[in-house]
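Presented below is the structure to which this report refers.
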């Protein structure tokens, strides 16, 4: 029985030891435990902040911002208060803490979070004062986590390492302790009136600070960056500014300008109608007038138009004679089109609008307007005209007037066909013979078709152009009859 008791006691002791080890393993590690250096040597700053806020500050720091600072080298951390709504920012020095142990990062973060908590809860707004409230929270967190949060950090070696720009005063203060005239800074900022101690230094010493130390190749790097930064800017500026010695290429304006509301009737420089061509036309018409005497008071008013400007000339109306049939044969009537854009030329030639008698150029009845196209009439041969023209006729002298106001010409009007479009109309005057004028119109309209001969594509016989359609029908019907008769045989 003694053996059984001894065995039971031994088993109980082993069980207790296992339970103790299990309980010790289940206990959470301290925030500054050495094992964290291997488990998580570079923790996430935001994750640590959220964890500590819920664990030690009851979630009161949700409106606080935490971030790294790359330029801050004088202190390990700082808490900045922003506004009255509980907004503040915590910044930790990346240059000082990136090579320090994880323990220093945790303690510095908790230190600044205590300052933020005191500001948010309106207990203490002086971030430099580590008074009773600050010490109370500091000891509370130290007892819970095993950390060693202090009032000031001890990273003096790292701070001195980043102070690579040195200045020394050449006045009496270079012999006074504790600084002996030295000013050491991490940035290249020379001592000046912006420093709070500058006024006192000027009173007690009055010396000037001379730079005695800076990082290696610092001045060369600065000059290189300045050169690289200036060259592209100068190149871009010189690109836009022309050189004074170089001659600038002057490109004249090749477009066409318009003045709104301009009613000038002066001819434009680009007019193609010349007085020489008008004189030749007058000579041609005067010859026909001398051969066939017509009422001398009957005149034709010709208006030469181009780009909205006009030029008027009065010509004696020619009479129709047998010798003039060659000229009239070049005219053949066309049906007028509603779309006036179709009457445009390619070379920008002008148009001539003609009104008969003493009727104004715009007093033309809309019901009596029609268009007649003409072929090229050579002035050298006295049978062709080189200028494009459009004749504006009127059959009813006492009819209603159709005004055509001056409009700004479109760009498409520059391109006009080589052929000229002519409108003409014979007006009855008091001294003219109506029978004679009727025969003249009939002869002029039928002369073109009666004088021209064309070959029939079926029988190859010469036929008048006016009868070609009837002849083709007759030839095709005859061929079809022959084919049917051959098939029936």
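Backbone N, Cα and C atoms are what each Cβ position is placed from, and that goes for glycine too.
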- Looking at Swiss-Prot, which of 211, 221, 376, 482 is flagged as ubiquitin cross-link? 376
- Message: So one of 264, 374, 451, 466 should carry the feature phosphoserine according to Swiss-Prot; which one?
- Response: 374
- Query: Can you check which of 136, 271, 384, 424 Swiss-Prot annotates as SUMO2 cross-link?
  - Reply: 424
- Task: Using all protein chains in view, find how many other C-beta atoms are within 10 Å of the C-beta of residue 484 (SUMO2 cross-link).
- Result: 10
- Can you grab the distance from residue 456 (Zn(2+) 2 binding site) over to residue 484 (SUMO2 cross-link)? Cα atoms, rounded to a whole Å. 22
- Within 10 A of the CB of residue 475 (Zn(2+) 2 binding site), the number of other CB atoms across every chain shown is 16
- Chain-mates of 456, 459, 471, 475 with C-beta within 8 Å of site centroid, Zn(2+) 2: 457, 458, 460, 461, 463, 472, 474
- Query: Within 10 Å of the Cβ of residue 456 (Zn(2+) 2 binding site), how many other Cβ atoms are there?
  - Reply: 15
- Query: Measuring Cα to Cα, how many angstrom lie between residue 484 (SUMO2 cross-link) and residue 475 (Zn(2+) 2 binding site)?
  - Reply: 14
- Query: Where does residue 456 (Zn(2+) 2 binding site) sit in the DSSP three-state scheme?
  - Reply: coil
- Item | Set of same-chain residues at least 6 away whose C-beta sits under 8 angstroms from residue 471 (Zn(2+) 2 binding site) | 456, 461, 463
